[in-house]
């Protein structure tokens, strides 16, 4: 089976181009199995604000106490994931919404106590995911369940998507509200792994792009063949990436 992991950023979900679903249907008709992983940061922040809870981040990761976890779980599973599945189904693309608890899809462990209920994935139930792919488009949110303490945890959606891609040795398309990796305000078409640290040291890659490219580097070193970072707001973006039409930035081991 040939898989493509497609990570849709929370900032893109409300402005996702409708052609994305048609592109995914086309992939499936060619026996390529897309797996969707999504975040939901803006929706979580709005839900927290409605409860007068101030979001708190350390090193770019959301600190998740018990109250924040409860709201995050409800937002990602009941609101964002359900809406995305409905959108796919309305376009005659049968989808199924999943979190880590469903079919014991992925195992997690606690990341670091200072972050509270933040987890990292440690194992993927490939058999379950492969079976589901034959029937539906899996749409996976970033809520995991820790079998050891019986608690739900929030996972960074990029981290989860890269982990799934590495585990399946599949390419990953990271769709967000940015067009790719910018160097001197220009999107570079390719970013070899050997150049990443140099660009970071020189300040050419900075801010939120640093963890994205470092996670991409780690994914490629662990089995993912390539990572493409591109805008999710462009028409037929998935088809363009699949056809190597030089959109966004391709990160690869060369």
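Note: Cβ is positioned from N, Cα and C throughout, glycine not excepted.
Swiss-Prot has this to say about the protein:
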{"type": "SITE", "residues": "7", "note": "site 'Transition state stabilizer'"}
{"type": "BINDING", "residues": "40, 41, 62, 154", "note": "substrate binding site"}
{"type": "SITE", "residues": "212", "note": "site 'Transition state stabilizer'"}
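Locations of recorded Swiss-Prot features on the structure.
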{"residue": "7", "record": "site 'Transition state stabilizer'", "Cβ contacts under 8 Å, 6 or more apart": "36, 37, 38, 39, 157, 158, 161, 162, 172, 173, 174, 175"}
{"residue": "40", "record": "substrate binding site", "Cβ contacts under 8 Å, 6 or more apart": "10, 13, 75, 76, 79, 80, 141, 142, 157"}
{"residue": "41", "record": "substrate binding site", "Cβ contacts under 8 Å, 6 or more apart": "9, 10, 11, 62"}
{"residue": "154", "record": "substrate binding site", "Cβ contacts under 8 Å, 6 or more apart": "62, 64, 68, 69, 72, 73, 117, 118, 119, 142, 143, 144"}
{"residue": "212", "record": "site 'Transition state stabilizer'", "Cβ contacts under 8 Å, 6 or more apart": "158, 174, 229"}
For this session: Give the helix, strand or coil assignment DSSP yields for residue 40 (substrate binding site).
Result: coil
Seminar exercise, completed: Among 40, 41, 62, 154, the record's substrate-binding residues, the widest C-alpha separation in angstrom comes to 12
For this session: For residue 62 (substrate binding site), list the number of other Cβ atoms lying within 10 Å of its Cβ atom.
Result: 21
For this session: Excluding 40, 41, 62, 154, please set out which residues of the same chain place their CB within 8 Å of the center of the CB atoms of the substrate site, keeping sequence order.
Result: 10, 39, 44, 72, 76, 142, 156, 157
